[in-house]
Amino acid sequence: MITHRFSDPDDPLSRAIAPPANETAEECTERLAREAHAQHVSDEIDEELLRDHLVFKKNKGMFKLLLLGQSESGKSTTLKNLQLTFAPQAWQVERTSWRAVIQLNLVRSVNAILDVLAEEMAPPARGTGPYGQTLPTTPYTSLPFSSVSRPLSQTQQTPPQFTPMHALLKLRLAPLRRVEADLKQLLGAATGEVPGSPASTIVSLSQSIPNSPVVLVKAESADAPQQADVFVRSHRSWRDALQEQCKDKSRSPPGGNRREQNRSGDMKRAREMLDDATEILAGCREDMRMLWDDSVVRAMLRRRRLKLEETPGFFLDDIDRISQRGYQPSDDDVLRARLRTVGVQEYSLVFEDAPLATAAIDTGGLVSKEWIIYDVGGTRTSRAAWVPYFEDANAIIFLAPISCFDELLAEDRSVNRLEDSFALWKSVVGSKLLARSVIILFLNKYDLLQAKLGNGVKVNKSMPSFGDRQNTAPVVAKYLYQKFREQYLQLSPEPRTFYGYLTSVVDAKATASTLASVRDGIFRQHLKEADLV
Ligand SMILES: Nc1nc2c(ncn2[C@@H]2O[C@H](COP(=O)(O)OP(=O)(O)OP(=O)(O)O)[C@@H](O)[C@H]2O)c(=O)[nH]1
Ligand SMILES: [Mg+2]
């Protein structure tokens with residue numbers, strides 16, 4: 001029997017938390033372990049909140065840039081370009097940590113093919129079947145496949161000729177399921193690609209603490225980590241964690257307190273997971289390539305209208321390179337990688353060169369060499385969390401993907417993506433909180449617009465107001481730019497600086513020159529306000 005001492009037995013709180021009087025030694029050990037774990041989690045959250053609070057205080061008065069736009073508009077890719085262009089040394093360090101994301105992107109595509117294969121190779125259900133009139137609803141909606149639906153041609157309806165080799169490939173690639181699960185666990189909730197599910201709830205701490213840089217995400221979706229109900233997403237992201245894990249493996253401290261030991265244990269497990277994933281990918285390389293190069297598999301995907309090559313994070317044409325043990329991502333790989341942003345993430349961008357405008361004029365330290373950048377999650381449920389950041393924003397870059405005139409929102413299949421972008425743009429430019437911010441518009445995904453129109457897609461079919469104008473990318477871009485600009489002029493609470501650019505932010509070189517012009521414009525505006533030019 002264990003005896004307990006209380007500071008005050010009449011105190012209701014002491015009574016409530018007191019262990020049962022008849023607790024056995026075994027129960028006591030279990031309880032103490034539970035309490036220690038709870039304390040560990042609580043300490044970590046306290047530490048994170050304190051760190052965020054200190055960062056927020058430190059950031060007061062600094063130049064703040066907000067990246068806004070719907071999901072998949074290219075905000076995080078623009079952030080990567082900002083780092084690549086203005087902080088290339090820091091970028092070198094960060095680049096390696098994207099390896100796990102790229103591996104996950106590749107594995108997801110392979111597993112999506114395996115899902116279809118499994119379904120097609122299974123005996124057809126009575127009454128329907130893959131070759132009947134009714135196509136089964138695809139269960140693998142985690143990838144945003146093209147929503148364009150066309151009638152099946154005669155050849156498309158011919159059943160594919162699967163061979164024992166397909167069954168063998170399915171079997172031999174089965175370990176990739178575990179790799180996907182492990183990488184998702186490592187990278188966290190951001191790996192879920194169907195964000196609008198009602199099961200995923202975003203709770204913004206900013207609603208209770210104005211201007212707080214911390215967003216709490218209640219993780220209940222199937223893709224969210226199972227081990228924690230609530231976790232903190234802030235400037236300390238998965239990237240920091242992965243960077244730590246990628247560091248010299250021999251540096252784990254041998255001693256340290258319990259918290260350090262827990263952290264080093266977590267890091268060790270994460271490193272093992274990453275090493276396992278790399279090994280399994282290397283072992284599956286030939287089979288993955290056979291699967292993707294197989295003409296029967298390609299015919300099956302065509303018949304299902306699954307255009308994997310049009311999905312974000314497409315790396316199936318790079319299997320050989322990415323599944324090598326010593327694979328190091330290139331800049332281009334990182335720009336093409338896809339990882340959804342959860343909540344609001346804060347970054348500090350320290351310019352590694354002298355800004356153009358400041359090089360010529362002594363500003364007395366007025367123009368900062370460091371910017372705070374907020375990259376936000378763009379799904380509809382995430383947008384409420386943006387508002388507290390408006391008040392303090394010196395500039396915003398709004399990303400509007402213009403290739404998506406015939407696409408639907410992933411989180412609400414009844415809404416056209418371009419219309420959603422217009423609605424969002426109107427609320428952003430009409431916001432009084434942003435009345436004094438510099439507004440920069442990126443009409444993005446111009447490369448995809450060119451490709452789409454090149455494939456014969458007609459804009460006026462999805463956007464009747466486009467009328468009989470020429471169906472070419474420059475004409476469409478100009479038409480959309482005018483529409484965005486008109487809305488800006490109509491709704492802007494007061495005159496302010498506005499810049500518009502046509503961009504393809506996966507093109508690092510072109511984006512670097514756009515960003516140099518953006519930065520120069522922002523600096524000049526600052527100097528003008530201070531009567532320095
Ligand atoms: N081809 C092409 N792909 C792009 C372009 N911009 C972004 N992408 C790709 O589109 C995907 C989504 O881009 P992100 O930058 O992650 O989108 P986001 O706006 O941050 O999305 P959320 O985090 O969900 O709000 C990534 O795989 C990018 O590589 C572009 O201009 N052209
Ligand atoms: Mg993002």
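Glycine is treated like the rest: Cβ placed from N, Cα and C.
Bear in mind that TrEMBL entries carry predicted annotations, made automatically and left uncurated.
TrEMBL lists Leu335, Arg336, Ala337, Arg338, Leu339, Arg340, Thr341, Asn444, Lys445, Tyr446, Asp447 with the feature GTP binding site. Every protein chain considered, the tally of other Cβ atoms within 10 Å of the Cβ of Thr341 (GTP binding site) stands at 21.
When secondary structure is read from DSSP and collapsed to three states, Thr341 (GTP binding site) falls in the coil class. Taken from TrEMBL, the feature Mg(2+) binding site covers Thr341.
According to TrEMBL, the feature region 'Disordered' maps to 1-22 (among others).
Taken from TrEMBL, the feature region 'Disordered' covers 242-269 (among others).
Proximity of the binding-site residues Leu335, Ala337, Leu339, Thr341, Lys445 to ligand 2, judged by a Cβ distance under 6 angstroms to any of its atoms, singles out Thr341 in sequence order.
In this view, Leu339 (GTP binding site) is surrounded by 22 other Cβ atoms within 10 Å of its Cβ, with every protein chain counted. Around Lys445 (GTP binding site), taking its Cβ as the centre, 24 other Cβ atoms fall within 10 Å, counting all chains.
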